[in-house]
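Annotation comment: Swiss-Prot describes 14-18, 41-45, 62-63, 83-85, 142, 166-169 as NADP(+) binding site.
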């Protein structure tokens, strides 16, 4: 890729949901002359080919290979990084490599490649927020990775972005089964029933449309990275209680819906080892009064501000510059 003096390369690590959304948002920019690059272990995968067809430069590199990564990040002005907590490698017991190890390797390559700006998809520290009561591995590994990046002293700016509960997870049948069939399968009484542990007392659950909003939020950060340096951004499109979630589905589809809480967070995903870390998130929100984002409040104003800043750069206005509500999303996908 030939880079002119006014062009800036933004590289996303991966081609999955978050990285793909960020790449698409940046490609839509009409003012900043961003060039978008994506790093993939499998450049021939469907997701990689899709991004390549849109104009993204897809570069092959292994996240564990420092030299490959450094070459892949060459000439990069800013990077967006999200690592996959559900990678089977990180679910193994014992002393195997951790998600922090991967994050550290990526950060070391960013430093070696002299990348100036970093947006890192992460969480607050479960240990700090619960005063040592809970250690939730995915939260802690991502938190420690961003902390390490800041401690290098290398980056001009760093920003953490905390993704809320994906709207798109409700499209997955396996996920629906875990939550009692919600939002597609009626229970024995004919209700679409959302079954999940109680959340917390003070703040409500938050949700984000990865495909419609998340990429624009990161785009907004990268338009003014200095304004977001050292901050953490709650990436939420909508906020509501679980009772309101069920009512929203009913309003959108006309199908009677309800929320029935599970007796304990320990009952969530019982017998499914892959959900052991996920169930602890309910323990976390119960321990923190519903503060899923930990050190920042649950709200959508910040996300809307970023969305509108990105929309301006993309030449969009009206409803395209607004966050997608859960009700609108339910209507589109289930009505």
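Glycine residues also receive a Cβ, built from the backbone N, Cα and C atoms like all the rest.
Counting neighbouring Cβ atoms within 10 Å of each of the binding-site residues (17, 45), the lowest count belongs to 45. Within 10 Å of the Cβ of residue 42 (NADP(+) binding site) there are 12 other Cβ atoms, across all protein chains. DSSP assigns residue 168 (NADP(+) binding site) to a helix in the three-state reduction.
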